[in-house]
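Noted in TrEMBL for the protein shown:
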type	residues	note
DOMAIN	110-192	domain 'Lipoyl-binding'
MOD_RES	K151	N6-lipoyllysine
Amino acid sequence: MALRLWASRAASQLRSSLHLRGYATGLKQRPEHFMVVCCMVGFHRVKCEGGYIDEAHTCLVDHIHEAFIAYPCAESMSSVSSQIELTICQFIKDLKYTDSHEWVKVEGNSATVGITDHAQHHLGDVVYVELPEEGTAVSQGGAFGAVESVKATSDVNSPVSGTVTHVNRELDGSPALINSSPYEKGWIIKVEMSNSAELKTLMDADRYTKFCEEEDAKH
């Protein structure tokens, strides 16, 4: 997305109270397609492999005790609960990503496109999505629509070239699906690709994770 989404790190942080006692009862087995959770524990960044993100975007980390020992953020570790500041990003292994924070899911010659969880967290509450018409030609890196939030308006760029075959009209009445379900109900368009070789220029989840970490570190 052609916008600096990182204007305020503090504004993008989610404050959550995690209870150390019995935290494991809230954990679920992490689905295979979920990759990592990047979270801010105190003032130290920790990458956690075994977390699960529920629909409320609360990070429940398998090794939360180890994280607290290595990166204590509370004055006393003996308290039943401790306050943690979390910047949460959800990444999906089988998707491709752009450096402007769009994702693409490929099924045959069809590409489903949306904006990433990382992007929607930084944008804040989405209030409007500008959508193209079916049949619109799109080019890789070119804007096809826009997302307007309470913080800013940002172009959405196409990860691939081709023709728009489907548009998610649910976003007309429920733009907040971009926030609550960025990789599923919040998809934006589907494109019939004209050059599948363009997919080779996109990032996998590992590269995109590192890209986000490096970009956040600059701001």
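Residue positions begin at 1 at the first shown residue.
Cβ coordinates come from backbone N, Cα and C, glycine included.
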Local backbone state of K151 (N6-lipoyllysine), from DSSP in three classes: coil
CB contacts for K151 (N6-lipoyllysine) [other CB atoms within 10 A, all chains]: 17
